[in-house]
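Student: Dropping the structure in here first, questions after.
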Amino acid sequence: AGFKAGVKDYKLTYYTPDYETKDTDILAAFRVTPQPGVPPEEAGAAVAAESSTGTWTTVWTDGLTSLDRYKGRCYHIETVVGEENQYIAYVAYPLDLFEEGSVTNMFTSIVGNVFGFKALRALRLEDLRIPPSYSKTFQGPPHGIQVERDKLNKYGRPLLGCTIKPKLGLSAKNYGRAVYECLRGGLDFTKDDENVNSQPFMRWRDRFLFCTEAIYKAQTETGEIKGHYLNATAGTCEEMMKRAIFARELGVPIIMHDYLTGGFTANTSLAHYCRDNGLLLHIHRAMHAVIDRQKNHGMHFRVLAKALRMSGGDHIHGGTVVGKLEGEREMTLGFVDLLRDDFIEKDRSRGIFFTQDWVSMPGVIPVASGGIHVWHMPALTEIFGDDSVLQFGGGTLGHPWGNAPGAVANRVALEACVQARNEGRDLAREGNEIIREASKWSPELAAACEVWKEIKFDF
């Protein structure tokens with residue numbers, strides 16, 4: 001029998017409301033906004049088709065394979081409450097559609113061409129369920145939370161960081177000086193800004209050398225292990241690896257990568273190198289807002305966060321809940337759990353559409369950074385808990401007495417909050433009081449409290 005040529009509705013093949021999802025399926029929740037006149041079933045089925053085996057017309061070669069085995073299926077559709085003409089379409093993809101250990105391939109399918117599809121006004125990937133049968137094909141984070149604490153010998157509190165500012169324009173020697181002052185004052189880490197790569201005013205090798213000198217000097221004087229996130233992001237993968245190898249030769253504990261601008265392929269290679277060579281890997285999410293900021297189109301950050309845990313990174317920026325960058329508390333805590341925990345229950349109030357079981361993949365430490373200062377410390381300690389990095393750029397370097405006192409102020413504020421919490425005090429209610437008490441015996445903290453007493457980024 002010849003095949004039946006012509007165009008037929010996607011929903012005849014790809015909308016299967018009776019389908020029972022398999023444990024090995026990758027599940028996706030899409031927020032679909034169909035064009036006027038396109039029924040939601042057709043829109044959901046179109047997404048399933050275009051992101052798996054479908055094309056716009058029936059083709060003769062369909063007969064050479066088993067669509068039933070390989071097609072994506074839209075198995076459930078629900079209306080989004082409070083939005084006009086928006087639906088959540090749930091799609092199940094058979095495991096065989098994806099190359100093992102490749103976030104790149106997973107995204108090329110799931111969020112590839114389908115996002116330019118005419119029948120849809122907008123499309124957003126809200127969440128993915130990664131089955132253990134797929135996640136087990138990834139190395140994941142180079143080290144994870146416990147190994148990092150053991151390497152650094154730091155327990156029972158959040159870690160403190162600072163991005164060196166001005167982010168562009170300092171010479172390598174002045175940059176190293178700022179690193180030393182911050183680490184000497186009491187921070188655990190300092191950070192290259194995400195756009196510091198290797199520019200004419202400061203070439204990467206000079207920066208690496210001066211920062212390493214700063215790290216070793218601060219370590220010797222404080223008796224604590226210190227780190228600086230040396231940004232290895234580069235224009236080619238070869239150049240990126242060259243920078244990572246040089247960092248390893250210098251004996252530093254941690255390097256950094258911009259995983260979205262650098263790309264998942266480069267990031268995964270770097271993560272493998274970091275595990276093999278004992279380097280921690282700090283991940284910055286520059287470019288994420290291009291993808292995740294629109295509520296009806298793109299991808300939610302929780303998907304980018306899951307992808308990073310698979311590709312590999314030990315720290316990732318994840319919003320602050322309290323600073324200058326967007327982030328709603330419950331949603332933020334939702335993806336913070338997805339980064340850190342082994343097993344996360346489905347919870348729609350926190351934006352988690354699927355129960356996610358990471359089995360034993362190491363966790364990633366969330367980094368809170370952006371417009372935060374000493375008065376935020378109690379809230380940050382309570383919201384993020386011990387397994388986090390709190391990063392104060394302006395909140396350290398903007399101290400009226402300089403960088404080292406700025407670092408002292410942050411460390412004193414943090415230790416005061418941790419001690420108060422361990423004594424059973426309520427950080428949410430008594431936060432300001434705790435900071436005030438601590439500032440009585442720390443002039444550096446008192447000066448910081450004075451400068452930032454009124455600032456809030458409310459819009």
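Here the Cβ of each residue, glycine as well, is placed from N, Cα and C on the backbone.
Quick paste from Swiss-Prot:
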| type | residues | note |
| --- | --- | --- |
| ACT_SITE | Lys165 | active site, proton acceptor |
| ACT_SITE | His284 | active site, proton acceptor |
| BINDING | Asn113, Thr163, Lys167, Arg285, His317, Ser369 | substrate binding site |
| BINDING | Lys191, Asp193, Glu194 | Mg(2+) binding site |
| MOD_RES | Lys4 | N6,N6,N6-trimethyllysine |
| MOD_RES | Lys191 | N6-carboxylysine |
| SITE | Lys324 | site 'Transition state stabilizer' |
Student: For His284 (active site, proton acceptor), what residues in its own chain, 6 or more apart in sequence, show a Cβ-Cβ distance under 8 Å?
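Tutor: Set apart from His284 (active site, proton acceptor) by at least 6 residues yet with Cβ under 8 Å, we have Glu194, Asn231, Met256, His257, Asp258, Tyr259, Ile316, His317.
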Student: Let me make sure I understand the structure: which of the recorded positions listed (Lys4, Lys165, Lys167, Arg285, His317) has the fewest other Cβ atoms within 10 A of its Cβ?
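Tutor: With the recorded positions Lys4, Lys165, Lys167, Arg285, His317, fewest surrounding Cβ atoms within 10 Å: Lys4.
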Student: When the Cα of Lys165 (active site, proton acceptor) is compared with the Cα of each of the recorded positions Lys4, Asn113, Arg285, Ser369, which one is closest?
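Tutor: So, spelling it out, the nearest of the recorded positions is Ser369.
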Student: Compile a sequence-ordered list of residues in the same chain as Asn113 (substrate binding site), six or more apart from it, whose Cβ lies below 8 A from its Cβ; state 'none' when nothing qualifies.
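Tutor: Asn113 (substrate binding site) has long-range Cβ partners Glu50, Ser51.
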Student: Under DSSP, is Lys165 (active site, proton acceptor) helix, strand or coil?
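Tutor: Coil, per DSSP.
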Student: Across the record's substrate-binding residues Asn113, Thr163, Lys167, Arg285, His317, Ser369, the largest CA-CA distance in angstrom?
Tutor: 37
Student: Apart from Lys191, Asp193, Glu194, which residues in this chain have a Cβ no more than 8 Å from the mean position of the Cβ atoms of those residues at the Mg(2+) site?
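Tutor: These residues sit around the Mg(2+) site: Thr163, Ile164, Lys167, Asp192, Asn195, Val196, Tyr229, Asn231, Met256, His284.
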Student: How many Å lie between the Cα of Arg285 (substrate binding site) and the Cα of Asp193 (Mg(2+) binding site)?
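Tutor: So the Cα of Asp193 (Mg(2+) binding site) lies 11 Å away from that of Arg285 (substrate binding site).
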Student: Under a three-state reading of DSSP, tell me whether His284 (active site, proton acceptor) is helix, strand or coil.
Tutor: strand
Student: Using a 10 Å cut-off between Cα atoms, which of these recorded positions sit near Asp193 (Mg(2+) binding site): Lys4, Thr163, Lys167, Ser369?
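Tutor: Checking Cα-Cα distances against Asp193 (Mg(2+) binding site), the recorded positions within 10 Å turn out to be Thr163, Lys167.
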Student: Does DSSP give Asp193 (Mg(2+) binding site) helix, strand or coil?
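Tutor: DSSP call for Asp193 (Mg(2+) binding site): coil, neither helix nor strand.
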Student: If you count CB neighbours within 10 Å, which one among the binding-site residues Thr163, Lys191, Asp193, Glu194 has the smallest count?
Tutor: Asp193
Student: Cα-Cα, whole number of Å: Lys4 (N6,N6,N6-trimethyllysine) versus Lys167 (substrate binding site)?
Tutor: 62
Student: Out of Thr163, Lys167, Ser369, point to the one nearest Lys191 (Mg(2+) binding site) in space (Cα versus Cα); all of them are binding-site residues in the record.
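Tutor: Of the binding-site residues Thr163, Lys167, Ser369, Thr163 has its Cα closest to that of Lys191 (Mg(2+) binding site).
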